[in-house]
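J.: Encoded as structure tokens, here's the structure I'll be asking about.
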Ligand SMILES: NC(=O)C1=CN([C@@H]2O[C@H](COP(=O)(O)OP(=O)(O)OC[C@H]3O[C@@H](n4cnc5c(N)ncnc54)[C@H](O)[C@@H]3O)[C@@H](O)[C@H]2O)C=CC1
Ligand SMILES: O=C(CO)COP(=O)(O)O
């Protein structure tokens, strides 16, 4: 049994802290909010995991030094756009050499970097890994069966982390394709917004299936440009997570798209990582001359620069071509 430290007291940080606890580790969690830390230590997270009670045992604190001291595994589960600043604050306290597992899904908006690139700059003394896959925090917190990928460039590190973090209900597969795992997790959120918007705008289940399938082609093109392995994109962290988040309003990204498609007020909604990632993903595709019209249209819709009706018109009137081109 060794100490696991979790950065982030939201739904995913809490759920991952619980899996680490259930895997037999001592678990500390850093949350920026004192009330959240107190509640998590007592066995609840009313803001981010309402209606879920869980076992006490996580030691949650607002002190980074206290949370990180002596930790052998670090899990970063703050939102993607907050990762750099949180790692910079944590930097003096990060135990040198302890693996840092990135658990957020996104691309840094200001730099276009994948989160492993952010970690390489903000936490260079910690070997970096990524945990991603189809896994709603509520399901994981409730102990429902879930499988994810853990990726690290070194095979032994990925396998060791998978062994340390798996439980009978949380099955971690290991891979060395960290970039593939990151790309799948980041882009599926953008496509989930598009899928939700399709349903919200009343365009139908056939349109939803077409959009997700063709969106997956774009995901694979972008993945290929980054050197991702095709089989990773077909795996849990790619296709698996795309299936999950493009099919149910339990996904906050899908729910965001649903509200967008219905023309509802979008202020004050829960985190939807695809909102921040859409624009930068579209820009990366454009800069690399990758054909990604669905991602581009989603970025424009999310940015208020295109209506859903205009997106449909533009996507449906593209020149006809072979499906595999
Ligand atoms: N909730 C889920 O089902 C899953 C979430 N993820 C990923 O995990 C990441 C975190 O998401 P959630 O925990 O779900 O979000 P959340 O909205 O439930 O919680 C976010 C947490 O981060 C904290 N936070 C936000 N900005 C911060 C900052 N600048 N500094 C410090 N703390 C900050 C908030 O106070 C909150 O505790 C996202 O990238 C998400 O895509 C991945 C798999 C499942
Ligand atoms: O990444 C997730 C499930 O794998 C969670 O999806 P949402 O952030 O869209 O709720």
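Every residue, even glycine, has its Cβ placed from backbone N, Cα and C.
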J.: Can you match one of 3, 188, 321 to the sn-glycerol 3-phosphate site that TrEMBL gives for 105, 133, 135, 241, 251, 252, 253?
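T.: Candidate in the recorded sn-glycerol 3-phosphate site: 188.
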J.: Hey, TrEMBL has NAD(+) bound by 8, 9, 10, 11, 12, 13, 252. Any idea which of 137, 141 it lists too?
T.: 137
J.: Please report the distance from the Cα of residue 253 (substrate binding site) to the Cα of residue 10 (NAD(+) binding site), rounded to the nearest angstrom.
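T.: Each residue's Cα considered, residue 253 (substrate binding site) and residue 10 (NAD(+) binding site) end up 16 Å apart.
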J.: 10 Å Cβ neighbour count around residue 12 (NAD(+) binding site)?
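T.: The Cβ of residue 12 (NAD(+) binding site) has 26 Cβ neighbours within 10 Å.
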J.: Count, for each of the binding-site residues 241, 273, the other C-beta atoms lying within 10 angstroms of its own C-beta, and report the residue with the smallest count.
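T.: Fewest other Cβ atoms within 10 Å, among the binding-site residues 241, 273, is found for 273.
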J.: Among 133, 188, 241, 252, 253, the recorded positions in the record, which have a C-beta under 6 A from ligand 1?
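T.: Within range of ligand 1: none.
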J.: Rounded to a whole angstrom, what is the largest C-alpha distance between any two of the residues 11, 12, 32, 48, 105, 137, 252, 271, 273 that the record assigns to NADPH?
T.: 22
J.: What recorded positions among 135, 188, 241, 251, 252 have a C-beta sitting less than 6 Å from any atom of ligand 2?
T.: 135, 241, 251, 252
J.: The record names 105, 252, 253 as the residues that bind substrate; what is their largest Cα to Cα distance in Å?
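T.: Greatest Cα separation within the listed binding residues comes to 13 Å.
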